[in-house]
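Novice: So TrEMBL says this about it:
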TRANSMEM  41-58  transmembrane segment
TRANSMEM  67-86  transmembrane segment
TRANSMEM  98-123  transmembrane segment
TRANSMEM  135-154  transmembrane segment
TRANSMEM  160-180  transmembrane segment
TRANSMEM  241-260  transmembrane segment
TRANSMEM  275-294  transmembrane segment
TRANSMEM  301-321  transmembrane segment
TRANSMEM  333-355  transmembrane segment
TRANSMEM  367-387  transmembrane segment
TRANSMEM  399-416  transmembrane segment
Amino acid sequence: MLSFVRDVTVLLLATALVGFSMEFMVPVSYQSPIGLRGNICFRVAFLGAAVISARVWTTTPRLKTHVFSMQLGCLFTFTGYMFLWTSSTNLSTYWSSFSLFIIGLLFIGLASPFLFCSAAIHLYESAPEAWRGTFGCLPWLMITVAATLVQITITRFPWGLWISVCSSLAFIANLFLSQISEPDRQLMQKTDLSDVQPLIESSDTENSTKSDSNANPSEVRFLVADQTDFCCFSQTRFQTLIWLMLMHQVTGASAVMYLAELMLEFAPKLWPVDYAVAIGLPQIIGVFLACLFANRVPSVYLLRFSSVVMTGTSFALGYLLKQPQMKPINSCLITCIAFGLLAYAIGWGPIPWLLVNQMHSTADRRWAMGTAFFVSSIALLIVHVTFELLITVLGIGNYFWIVALICLCSTLHFRMPHFTNRGSVKILPRPSLKLSLHPVGQALRVDPESRVHLLNRKRFLLGPRLKVV
């Protein structure tokens with residue numbers, strides 16, 4: 001239990017560190033020579049490295065080089081940011097600082113899939129069954145909280161304080177990150193229930209003094225769970241994965257965030273605090289609600305609600321942005337953005353990642369999470385790189401009307417019979433073991449995700465876990 005708490009704490013701290021690092025983008029108002037192209041370069045560097053690392057992560061086991069890459073990336077990022085902050089009026093050292101910052105983002109991008117996928121897999125495998133959905137959403141909640149915290153305090157504290165705080169977080173996280181227990185290698189292979197019977201027979205022999213005289217250990221019946229009660233996405237896993245990850249980024253949240261960043265440049269000096277409350281707080285609330293209802297409400301309902309609300313807010317944004325008298329900073333725009341991000345966080349925030357984590361077996365989960373991060377990063381990269389070009393060609397109002405149409409199509413898709421009949425996505429069916437005449441007279445269950453627990457919760461080193469039903 002202590003090791004689980006330690007691992008969860010370190011992983012959440014590491015994901016919070018990723019949230020800090022991802023939010024440390026140089027504002028245009030601080031560095032006018034960088035401009036929007038500089039911000040796009042930062043995102044291309046981070047997401048490009050994340051795309052490469054996501055594919056490599058699926059083919060190689062976790063190595064200490066990932067941890068070293070994160071530590072080195074934090075060092076380069078914070079060093080480059082410090083130089084950018086101090087050399088804002090001296091262009092002689094400007095481009096060297098700019099290069100350091102980009103190199104740091106490259107290293108962080110190389111390590112971020114490890115943090116995302118490792119946190120999701122570890123929390124999902126180690127958490128109690130009743131709270132797996134909640135623990136699976138926690139990394140994204142931590143990232144949202146960290147990014148919002150940076151935005152709220154961005155004008156209240158000097159950059160040097162933030163650099164020292166994040167450096168301390170990087171040191172603490174990387175100190176223990178390499179010691180986090182990897183998911184059991186035996187879980188990568190299919191559990192063979194025939195290996196359990198000898199262990200049961202030996203346990204029956206040891207406890208024969210407590211058993212009834214009529215106990216017969218040979219009367220062991222293996223009952224495989226009925227797969228019709230579960231939703232496994234058995235035939236369309238890959239297609240569903242690609243669809244969810246693409247819609248995860250194309251539903252408009254990336255464009256809305258980019259619009260908010262553009263609006264920030266026209267804002268008064270103290271408006272970033274209001275921006276953080278209006279943009280970051282809805283995301284925190286939405287992800288928290290998704291964590292709260294992940295195990296209580298079918299995920300398809302959350303996705304439907306999210307798509308419907310985002311359809312309305314995107315249409316409203318498109319209408320407001322086409323009004324000639326609309327000012328860059330307007331309460332109506334901020335309200336629409338806030339509601340859109342709230343709906344996005346409830347349905348499209350952690351839910352697609354949680355579905356990917358649930359609809360694949362343990363043996364395929366490493367590949368699935370890496371592929372999910374790969375597809376999501378590609379879509380996010382395309383949105384950020386082409387946003388300025390698209391709003392120039394189409395007009396910003398027409399662009400958000402297209403986003404509203406995409407959200408409407410996703411709403412109709414989730415009402416289709418082949419998706420609706422799936423209901424709530426649960427964990428994959430597990431084989432169950434039932435003893436009709438066990439010496440203790442209790443039914444047992446096989447849990448292939450951990451070690452053996454028999455009788456008085458004695459722990460064995462071999463075989464799956466047996467728990468009293």
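Cβ from N, Cα, C; glycine included.
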Novice: Taking the transmembrane segment (367-387) as reference, which of 41-58, 98-123, 301-321, 333-355 has the most Cβ pairs under 8 angstroms?
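Specialist: Per the Cβ under 8 Å count, 41-58.
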Novice: I'm a bit unsure how to read this: which one of 41-58, 98-123, 275-294, 301-321 has the highest number of Cβ pairs shorter than 8 Å with the transmembrane segment (333-355)?
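Specialist: Ranked by Cβ pairs under 8 Å, first place goes to 275-294.
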Novice: Could you tell me what the rest of the chain brings near the transmembrane segment (301-321), counting residues at least six beyond its ends with Cβ under 8 Å?
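Specialist: Cβ under 8 Å, 6 or more out: 251-253, 256, 259, 290, 293, 330, 332-333, 336-337, 339-340, 342-344, 346-348, 351, 396-401, 403-404, 407-408, 410-411, 414-415.
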